[in-house]
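S.K.: Got these off TrEMBL a minute ago, pasting:
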type	residues	note
BINDING	Thr115, Thr116, Leu223, Gly224, Thr321, Thr322, Asn438, Leu439	K(+) binding site
TRANSMEM	7-32	transmembrane segment
TRANSMEM	38-58	transmembrane segment
TRANSMEM	70-93	transmembrane segment
TRANSMEM	138-165	transmembrane segment
TRANSMEM	186-206	transmembrane segment
TRANSMEM	239-257	transmembrane segment
TRANSMEM	278-297	transmembrane segment
TRANSMEM	331-351	transmembrane segment
TRANSMEM	396-420	transmembrane segment
TRANSMEM	458-481	transmembrane segment
Amino acid sequence: MSRIPVILNLLALTMALFSTTMLLPLALAWWTGDDGRFAFLAGLAVALGSSGTLWLATKDDERDLRIRDGFLLVTLAWVVLPLLAAVPLLVYYNQIGHPLGLSKAYFEAMSGLSTTGSTVLNHLDTLPHSINLWRATLVWVGGMGILVLAIAILPLLGVGGHQLFKAEPGPMKDEKLTPRIASTGKVLYAVYFIFSIVCFLAYRVAGLSWFDAWCHMATTMGLGGFSTSDEGFLKFDSVAVEMVAMVFMVLAGINFATHFLAFRQRSFKAYLRCSQTVPYLVLLLGSGLFVTVFLYWKHVYGTWGEALRYGMFNTISVATTTGYANTDYTLWPLLAPLWMILLASFATSAGSTGGGIKLSRAILLVKQTRRELTRLLHPNVVAPVRLGRTPVGPEVIAGIMAFLLMYGLSIGVLTTLMLLSGLEPVTAFSAVFASINNLGPGMGDVGPMGNYAGLSDYQLWLCSFAMLIGRLELFTVLVLFTPEFWRR
């Protein structure tokens, strides 16, 4: 059985670290005098009070993690941190006389931290800047996984981060960039931070205000898709802003280990050597052009320029699981939005901030299928499956097959539960599919011009669970439900 006091002690430290992210919106609220001041003071008090109490109650235990402890800690952190993140939302909406309720507040916080980008909030333009900044901050923090930061910090506290690193599927799992995991975490965040600053400046040059540029930088790099307006990118109606978004959405969908190697080697060859980057770029460009031609052929847009603008932007946004929209693409002929949403399930690279099953798994699945077809014709042929130049063992392929089985079963079970709750089929399936792939907008009532506010509390909790298991790639969470996990 996992060592619960040790895990709770580390959870308390993670909660305390997370509470510092409330300082930025608190400072903004204090400076501008908006209505979010008390909300963030309350949120900070709850986070520090609960983490301090938990730490004091468990501080005498040795910090020695095993692999199974890492799984439990990662899952607990992703369950508890959205609860803390929901406090400012709960307090603010109670303060203005429109109680949000725990279900919606938790959903919004989970959506941000899991970089899903679904929302239950209306009238975003009228919210205090501090609340919109908080939503964007959640996406930015969640973008690389809150525990990547913990990997860099916990070793300094005498905690080995390797078990956590195994539990959280991350950019550096198969890339030996630095000798220590702590150094690896710092390197990845350095790359993330550099891209974030450049993205922010690019948005500013493209014409966004300082505030909008900062918030959209955070949600672009995290591939989360939250906006400061109900209209999203329709509000800006700017080709320049959309081009900035496309560039950085594409960059954020690439393995951050590859970005670091390219920086360190000062060469683009790192991208060419990566087994995912070239297929990823070809897939995005090819799909964007396909949707463009399809829209023009179907006379959705009267010029090639319009078809290219809307087709490419929305394809990249959905495929990278960002969820921005500059038009209601659910009104297009059905083939286009269906293909875009299908892309969201596998297009982004492992080690990126995107969701879905990841391109590396999809590539290996295709290669394994081709290998089996070859063996039907040539039973004695030896044809190892490779990812790039590296042979992949049968246990890895078996793991991918099991993952895909659980992925499909999870979608099926959650969709069935949504249907039984009275939701119509298109909305039920797309809400689950968008949540488990951390995409955000789906189709039907939860399309890009709608939101999740119309769902019941029960349906919102189902979507929150889907976001959780999607962000932690299923097994990290589901292993906790096996009897073997709790045996000594």
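In case you wondered, yes, glycine gets a Cβ from its N, Cα and C as well.
Computed from a predicted structure; not experimentally measured.
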S.K.: Could you check whether the transmembrane segment (70-93) and the transmembrane segment (458-481) come into contact, where contact means at least 3 Cβ pairs under 8 Å with the two residues of each pair 6 or more apart in sequence?
M.R.: yes
S.K.: For the transmembrane segment (186-206), which stretch among 38-58, 239-257, 458-481 has the most Cβ pairs under 8 A?
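M.R.: It is 239-257, which has the most Cβ pairs under 8 Å.
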S.K.: Between the binding-site residues Leu223, Leu439, whose Cβ has more other Cβ atoms within 10 Å than any of the rest?
M.R.: Leu439
S.K.: Counting other CB atoms within 10 A of each CB, which of the binding-site residues Thr321, Thr322 comes out lowest?
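M.R.: Each of the binding-site residues Thr321, Thr322 was scored; lowest Cβ tally within 10 Å is Thr321.
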S.K.: Taking the mean position of the Cβ atoms of Thr115, Thr116, Leu223, Gly224, Thr321, Thr322, Asn438, Leu439 as the K(+) site, which residues outside that list, in the same chain, have a Cβ no more than 8 Å away, listed in sequence order?
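M.R.: Checked against the 8 Å cutoff, the neighbours are Ser114, Gly117, Val139, Gly222, Gly225, Thr320, Gly323, Thr353, Gly354, Gly355, Asn437, Gly440.
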